[in-house]
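Data block below; observations after.
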């Protein structure tokens, strides 16, 4: 086992604080509408230019092991804020640096670290209450667009595209971000439920130009098992033919003879039919077939439920306004399912999301939720160069997470003013002793740091800006760094999601509290052995080999 290097007390805290400062100073230059870019060198390819706080934080690794501990703890703050709200990483980093600095100064002056931490926790709870009380729900797509614009550093097109996508697929819908081939932003929206299974035979195609199957007002047979023979299906097939409507069969698989029979019937014109494989695998397949059944007001034909193919009636089949199938995807538009049943199914999936511990399962459940509740939108981000596309994609991702957070918990005035005005909630608040009261005071000063940094990045004195605002009575009044003016920020569209501001503060306080209460730090000692000498070059005694 390698020898360890152990640092205690002030020495440990000072080393850790140096690491915190290095990471925070690199991240905080990106804060606000006039924040600067950071260039990150890559071991291969072009350098990456970004204004995304968490991307900068993830790249920082320091040589000194103790300084690196501080940097990595602060990186954890940015990552946690990113995971919880998807944005606010730079704000969280600035807050954490401010709390750690003030806290370590207080500890060096002889205060009890545990009481300081208790005071910090009391103050954070009070500020969170204040933020929730002042939060207002998002009203309409113009405010959604505005949140996106602010998060994307004033890029109007980004905010508008996100608002448009949310309008089309609903607030629960899936919105993904991809890189485009061209220069422009594009928005592709798939309405209805889409799953990644195409037609089983090209003979089912009804639109040769687009190479798609289009079924208007079809019945949908949802079968859990394989179909190898159509014998059991004959009664339901005859009923569908008599109804004069098309039929879509969704089954685990349709094998040789059964598929050949369907194709022959389709080609002879007696049966408007198409067949696709069921989406997913194992238990997830069952769940997705259940979703399709709910959406189309059909029943899943499963022997587990005691339903056999021979006894299926038209009433058991699902229905939809239109089904479109290409070689890769099937889209069901406007299923006949009742709103109440779909809502109940959505709530059931939501409950599963709450209890699952697996990120993969959560992602798949959210996909199912979106397919039931709304649809899928893809924002394609274009640009002149690969570097520009990646930088814009970072900003679109941030903006998308921020708008989702705004829809979830509402909005507060932006630009760091929500936290600045929350200092008023801490006035006169006392802890159980002087050290706890000092902890409350640390938070009161720290929550002024974001607005000071935004002002500093815009070329103003942060202390003057925060002082001017604290004299204001209207809490919507703030400093708009984009235009260098004091104005009503809500009216000017400078707004932040409450969830982003709240999680930034809670995550910053959580990690800062741990750093302040650190009394010893242990790291592996560097190896003192000299490096091995390089291998000797050439192969001696091999003369006469000059060709």
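Keep in mind that glycine also has a Cβ here, set from the backbone N, Cα and C atoms.
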Problem set entry | Given ranges 502-524, 525-547, the stretch to which Swiss-Prot attaches the annotation region 'Disordered' | 525-547
Problem set entry | residue 51 (ATP binding site): secondary structure state under DSSP, collapsed to three categories | coil
For this session: Just name the winner among 30, 90 (the binding-site residues) by count of other CB atoms within 10 A of its CB.
Result: 90
For this session: Let me know how many other Cβ atoms fall within 10 Å of the Cβ of residue 481 (ATP binding site).
Result: 25
Problem set entry | Close in space, distant in sequence - residue 496 (ATP binding site), Cβ under 8 Å, 6 or more apart | 88, 147, 150, 402, 411, 412, 413, 414, 415, 418
For this session: Provide the three-state secondary structure of residue 90 (ATP binding site) computed with DSSP.
Result: helix
Problem set entry | Neighbourhood of residue 32 (ATP binding site) by C-beta distance under 8 A, where only residues 6 or more apart in the same chain count | 415, 416, 453, 454, 455, 457, 458, 481
For this session: Tell me, if you would, which residue among 88, 415 (binding-site residues) has the fewest other CB atoms within 10 Å in the structure shown?
Result: 415
